[in-house]
Amino acid sequence: MENLLTIKDLSLADIKELLMITEKLKQEKDRELYLKGKSLGMIFAKSSTRTRVSFETGIYQLGGQGIFLSSQDIQLGRGESIADTAKVLSRYIDGVMIRTFDQHEVEKLATASSIPIINGLTDKYHPCQALADLFTIKEKKGKLNELKLAYVGDGNNMAHSLLLAATKVGMDIAVATPQDYAPQNEVVKIAKRFAQQNGSQVELLTDVKEAAKSADVIYTDVWASMGDEDEAEERKLKFADYQVNQEIMDLANEEVIFMHCLPAHRGEEVTADVIDSRQSVVFDQAENRLHLQKGVMVKLMA
Ligand code: CP
Ligand code: NVA
């Protein structure tokens, strides 16, 4: 494992090892030797609260430093090529986390770099979030297989990464989206292949109730992701039936947990009573981004 670009590239052994390192680091008190003197560049072309703060704090706790690079402030934003940026950064620092629009940019950066590249979200994938979510599910349920995750809402970057993450670890996944907002075929095909290899099921649905039936985890995300802002009003109409409310939660298994990568819009994709209920684990989820990403940095940069 040289980079973290998408969960597609990881083996089951990579994922298990990452979750193990994460568990260790979550308990660890003496942790500032792991990445002593190392630097992580953090390129952001989109907003962030969790990813930015958890990576920056994470590398600091491991003895290194994070360097925030708004894509508007570095020469990349004025047309310097990704390849040149990659080659230059490789001479200074020890790893790059990038959040941007196009997944191909992350891949180009990785091809031209001699240092590890970590995908901190693109329009297509959000691997750090989905891996941290596996860690949270394992903490809450004690296992990852023989569980069903129901994802409700937009077939977006989160849906794609959860499809790949769940099927890699043998978890069943049902995805309920409006017809025109289903996850990309290419990703679904890969997830179905993983599911076959690892003994799980993939269901693509338009009926939220059907997806929620006997789920152990109900997961949702915003109706309009970063980059979709101009469609926000139209999406509110199209996604009106794709809200996680108590009625939906009650269709799932008794011990069901509610998950959301955040930021959330109460009253849209989830009701306030659900996200603020005892069934909701969203803040543990947010915390685990810190631990999981420390695991990723140790695995790639130590
Ligand atoms: N979940 C997540 O990635 O949050 P941010 O956009 O705040 O980083
Ligand atoms: N799907 C959301 C996730 C935010 C963490 C977005 O891309 O904006």
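Cβ atoms are placed via backbone N, Cα and C, with glycine included.
Keep in mind that TrEMBL annotations are predicted by a computer and have not been checked by a curator.
Annotated domain 'Aspartate/ornithine carbamoyltransferase carbamoyl-P binding' per TrEMBL: 3-139, in sequence order. Taken from TrEMBL, the feature carbamoyl phosphate binding site applies to SER48, THR49, ARG50, THR51, GLN75, ARG99, HIS126, PRO127, CYS128, GLN129, CYS261, LEU262, ARG289. Residues or ranges marked as domain 'Aspartate/ornithine carbamoyltransferase Asp/Orn-binding' by TrEMBL: 146-298. Look at TrEMBL and you will find ASN157, ASP221, SER225, MET226 tagged as L-ornithine binding site.
Locations of recorded TrEMBL features on the structure.
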residue	record	DSSP (3 states)
SER48	carbamoyl phosphate binding site	coil
GLN75	carbamoyl phosphate binding site	helix
HIS126	carbamoyl phosphate binding site	coil
ASN157	L-ornithine binding site	helix
ASP221	L-ornithine binding site	coil
MET226	L-ornithine binding site	coil
CYS261	carbamoyl phosphate binding site	coil
ARG289	carbamoyl phosphate binding site	helix
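A Cα-Cα distance of 14 Å separates ARG50 (carbamoyl phosphate binding site) from MET226 (L-ornithine binding site). Around CYS128 (carbamoyl phosphate binding site), the same-chain residues six or more apart in sequence whose CB sits under 8 Å from its CB are LEU4, THR51, ILE118, ASN119, GLY120, LEU121, ARG289, LEU292, GLN293, VAL296, listed in sequence order.
The Cα atom of SER48 (carbamoyl phosphate binding site) lies nearest to that of MET226, taking the binding-site residues ASN157, ASP221, SER225, MET226 as the candidates. The Cβ of HIS126 (carbamoyl phosphate binding site) lies under 8 Å from the Cβ of ASN119, ASN157, MET158, SER161, CYS261, each on the same chain and at least six residues away in sequence. The binding-site residues under consideration are MET226, CYS261. Their Cβ neighbour counts within 10 Å are lowest for MET226.
Taking the binding-site residues SER48, GLN75, ASN157 in turn and counting surrounding C-beta atoms within 10 angstroms, the largest count is reached at ASN157.
The 10 Å shell around the Cβ of ARG50 (carbamoyl phosphate binding site) contains 20 further Cβ atoms across the protein chains shown. Not a single one of the binding-site residues among GLN75, CYS128, ASN157, SER225, MET226, ARG289 has a C-beta coming within less than 6 Å of an atom of ligand 1. Put simply, MET226 is the one of the binding-site residues ASP221, SER225, MET226 whose Cα lies nearest to the Cα of GLN75 (carbamoyl phosphate binding site). Residue density at ASP221 (L-ornithine binding site): 25 other Cβ atoms are found within 10 A of its Cβ, drawing on all protein chains shown. Ligand 2 lies within reach of none of the binding-site residues SER48, ARG50, CYS128, ARG289, judged by a C-beta closer than 6 angstroms to any of its atoms. Neighbour counts of Cβ atoms within 10 Å were compared across the binding-site residues SER225, ARG289; the minimum falls on SER225. Taking the mean position of the Cβ atoms of ASN157, ASP221, SER225, MET226 as the L-ornithine site, the remaining same-chain residues with a Cβ inside 8 Å of that point are LEU121, ASP123, HIS126, ASP154, ASN156, MET158, VAL222, GLY227, ASP228.
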